[in-house]
Amino acid sequence: MISVLRPVNYNFNFFNTLKATSTPLTSAKTPLSISIRSMATGNDVKITSWVNPDDKSGEFKRGQSAFRNWISRKPGAQFPPEKDRYHLYVSYACPWAHRTLITRKLKGLEDIIPYTAVHWHMGELGWRFVTPDENVPGENVTADPLNNYSHLREIYFSVDPEYKGRFTVPTLYDKKTKQIVSNESSEIIRMFYHEFDDLLDEKYKSVDPLPAAFEKDIDAANEWIYDTVNNGVYKCGFATTQEAYEKSIPPLFSSLDRIEEHLTKTYSPSTPYYFGKDLTEVDIRLFTTIVRFDPVYVQHFKTNLRDIRSGYPAIHRWLRHLYWDIPAFGETTQFEHIKKHYTKSHGQINPPGITPVGPVPDIMGKEEEVNAAKK
């Protein structure tokens, strides 16, 4: 039996001393007043400004996805399932895009929905495609194969010249109508579950990450895991005040404790997934955050009360099973993209752009454990 939970004191009294001896984390500099159409998004906020400069709370508030269309098998659908009609734009660094790559592979959609991965760096014009002289690791990290655009933003402006939102991945693009179907990852993966089943072999039709018997439980788990874990790490990392950061840490680690307790109770060799013997959407959505936790979030987003490999043994076991045993998870994970993107794109967090060497390895082997400190 694994000894699991070591409750953390979430009162954070030690911050009182810190506040009395340190300066606020908010910048004293006035943000540059630059036309967004030349910088990033089409509104008054730079794409690299994750918290609105006018929001004195310093809290990160994620915006809503702008494109929410649906690919459907229903007769007369605006976007019917067709082979090679849709193109998926992703970043290997992005956990939201990573969901779609995992699901695409689980469902056997590789020959039906091609994809292109952008360069790991996000600058003031947003995600860019690699240039011919660049050698960046990862499958399909290429120039834009459809329009030879230099940046993802050009796809958005080709669809809507007055677009004023962010240029996000994943982006699911319809080559026939030259429209963006969706840039909402949670909906793209659900389209992938069954809307293309008529084009698939039987073995892939049976893959169902959202079984009816667990749908309510999956939706309930998704709700709190998204708010406190998937998005919770960003609330910690993008906070621009000490208060906003402190507010975001306790919900994150309380939820990790809750996940740890759940996986400890439900695990057996025949029930390795979040809901037991069958892999579900919860595993997909949670994995993309947890696999980035130790390599990036612990240091870069300051989520350093514990790491996964030494602080959460049941989560660590669950993570490594998915990574090493299920190709859709391990083969779509690119740690170089992950580490370089966060540390070299978020200048407000890490101005020098230094990428830490550790942890080593990025993910541990299934039989490896953290070495205890010797006295």
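Heads up, the Cβ atoms here are built off N, Cα and C, so glycines get one too.
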Listed by TrEMBL with Arg166, Phe167, Thr168, Val169, Glu184, Ser185 as binding glutathione, from among Trp127, Trp224, is Trp127
Please name which of the recorded positions listed here, Cys94, Tyr234, Tyr297, Tyr342, is nearest in space to Val169 (glutathione binding site), Cα against Cα. Cys94
Taking the Cβ of Cys94 (active site, nucleophile) as the centre, count every other Cβ atom within 10 Å, in any protein chain shown. 25
Taking Cα atoms as reference points, rank the recorded positions Cys94, Tyr234, Tyr297, Tyr342 by distance from Ser185 (glutathione binding site) and give the first. Cys94
Distance, Cys94 (active site, nucleophile) to Arg166 (glutathione binding site) (CA atoms, angstrom): 14
DSSP-derived helix, strand and coil totals, residue by residue, for the domain 'GST N-terminal' (93-193): 28 helix, 18 strand, 55 coil
Here's one to test understanding: among the recorded positions Cys94, Tyr234, Tyr297, Tyr342, whose C-alpha is closest in space to the C-alpha of Phe167 (glutathione binding site)? Cys94
